[in-house]
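Quick notes on the structure that follows.
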Amino acid sequence: MFKSGFITIVGRPNVGKSTLTNLLMGEKLSIVSNKPQTTRNNIQTILTGDDYQMIFVDTPGIHKPKHKLGEYMVNSATDSIKDVDLVLFLSNPCEEVGRGDKFIVEQLKNQKAPVIFVLNKVDESSPEKVAKTLELFSKEYDFAEMIPISAMKAKNTDKLLELMVKYLPEGPKYYPDDMITDVQERFVVAEIVREKALKNLSQEVPHGIAVDVIQMKQDDNGKYNIEVDLICEKASHKGIIIGKNGQTLKKIGSTARYELERFLRAKVNIKIWVKVRKEWRDNTSLLKELGYKKLK
């Protein structure tokens, strides 16, 4: 019997959704950073086994929006819960169930798919706190299963995969065996550059940046020539991104090039231009140009 279905991964910002997706896939497709709200789009990845096919939707963290980009991220995450076959609800060990988690629980009550509660980052907590957290969440919702894991350390993730297969419905193979994502290469390129910017910039700047791939061409020798605009909201941020003698921008470019060459399996030449677009996160037309389509 072949099983298949769509699986959405939800949770507050920075609970490890992208890390878990990347671990299960064995490919770096979702942007990973220690800063919250790094995933902005629902990234669809495909995992095919001998008797199953899982289509993962890695969502932005659900949080109280402060601008139109935030509204897009929250709408995108809550919409992904609808019409799926299985939901993974990720959280971390805690002393009490917070407002963000309670909000997600309320969204879950409006759908019929089974929900597996996944308690991530248990390697960073005591067994007592892990047990207490599982007990707290068991009182909030009738979960199909509850499982503690560490996505970073790959602890108990094999058991999680078994549970996911268990709750998938019988179904067809939606995608070819060798297809691992439905997103375009240009999108992944932009996400890689944005990840490197996040890791090399201060707390004030990162979430005010976006990446627009202006050009992506492969020459006769197979080398990619890529040009991107790194968009920020303030002139002062532009100076921070470039850095003294251009050192910060050079570091973003060199680390991005290394990751891009691994992803594209080819040599890469990348040029990054820093541009100021004031209050772009509240500019609906510009947001749509940058790929955030679900704005009302």
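Every residue gets a Cβ built from N, Cα and C, even glycine.
Look at Swiss-Prot and you will find 11-18, 58-62, 120-123 tagged as GTP binding site. According to Swiss-Prot, the domain 'Era-type G' annotation covers 3-170. Residues or ranges marked as domain 'KH type-2' by Swiss-Prot on the basis of sequence analysis: 201-278. Swiss-Prot lists 11-18 with the feature region 'G1', giving sequence analysis as the kind of evidence. Annotation comment: Swiss-Prot describes 37-41 as region 'G2', evidence class sequence analysis. Residues annotated as region 'G3' in Swiss-Prot, with sequence analysis given as evidence: 58-61. Residues or ranges marked as region 'G4' by Swiss-Prot on the basis of sequence analysis: 120-123.
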DSSP puts the residues of the domain 'KH type-2' (201-278) at 32 helix, 27 strand, 19 coil
By a three-class reduction of DSSP, Asn14 (GTP binding site) is assigned coil
Taking DSSP helix as H, G and I and strand as E and B, the region 'G4' (120-123) has 2 helix, 0 strand, 2 coil
Quick note, Val122 (GTP binding site): same-chain residues at least 6 apart with CB under 8 Å of its CB -> Pro93, Val130, Pro148, Ile149, Ser150, Lys155, Asn156
